[in-house]
Amino acid sequence: MPEANVYSVYGDKGWDEQYRHLFEERLKTIHHQDHTSASLQVSHESIITKAVCLALKKTESEWGKPPTHFAFFLMGSGGRREQSFWSDQDHGLVFDSDNEEDVEYFLHFGAEIVYALEKVGYKRCDGNVMASSSRWCRSSKQWEEQVRIWLRTGTWETLRYTLTFVDSTPFYGQNEIFTKLKRTLFQMIKAEPFLLQRFTENTGRLKKGIGLFNQLLVEPKGKHQGEFDFKQIVLFPYVNSLRLLALEQQILSSSTLERFQQLPDKYVHVKEMKKTFTDILEQQLIWHKNTKDYEDIHYLKIDQLNKEERKLVKKWVKQGHRLYQEIAKDFIKG
């Protein structure tokens, strides 16, 4: 199967002008306005939708109409509806065909999507989790076989791919194609309960955030030396915890907030933490309002936080780590 880099996307003045206008719209609607986390997601989704539509129109101008039904889906923070002001790309495609020429069409479409999103301010995924890659651009039949292989292989890498897909949500196209695939994955996991333990082990290495003297631990070296990794230390324990519970409870929603909401009452003590996670998302926007690029969006400059803010971060860290350890203990016990 051809890889994404076979299908080069060349700049075209006419199309690039449209992308430039869309990038300006992004600056106006995302960066030059005050937002709640919910309103920010709506703005991101509007820009991404327009970028995907432009990518499709450009593909159609060169390759014709899509040869079959398809669904474009988001993963990562976009899939969970937790994007901050800057975000990278995590997405894929599923389509109803096994014809080799159709595969080539959608790989090219995926490459156009990547190009369009990059032009409007969404950084390419370093791990190549994008619809331009044959790993993330497949027919329904190929996708179903792929997730079976991931689960059967059960390596750290293939389980991580699976967890990445679990956080996916349909975004553009025929949503039912995607939903059927995701439902199939959840049924596979339900049939093999031991996988919950494997998933728990896969996400169990929580990054330490508080030192022996109750100080916030910062990066010791590198570009972010002296800064606090907010994403890994604060956000991810909650995200990973609710993903595990979603798998156990067969909750298809990819949003962490929706997962909180849909938990059964036996998890009332977990559901009560939805407010905490909402506060984390909102405060993150306040702290990152003036962040200029994606590389800095997940870090905090500790020396710019006052005493009460540092206290708040420590509380969130302790609560999140305690939540994950509680859930992990039950799942590893089986």
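Including glycine, each Cβ sits where the backbone N, Cα and C put it.
Feature annotations, reproduced from TrEMBL:
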DOMAIN    33-155  domain 'Protein-PII uridylyltransferase N-terminal'
DOMAIN    195-331  domain 'DUF294'
- Summary of DSSP states over the domain 'DUF294' (195-331), given as helix, strand and coil counts: 87 helix, 8 strand, 42 coil
- Task: Pull the DSSP breakdown for the domain 'Protein-PII uridylyltransferase N-terminal' (33-155) and write it out as helix, strand, coil residue counts.
- Result: 66 helix, 15 strand, 42 coil
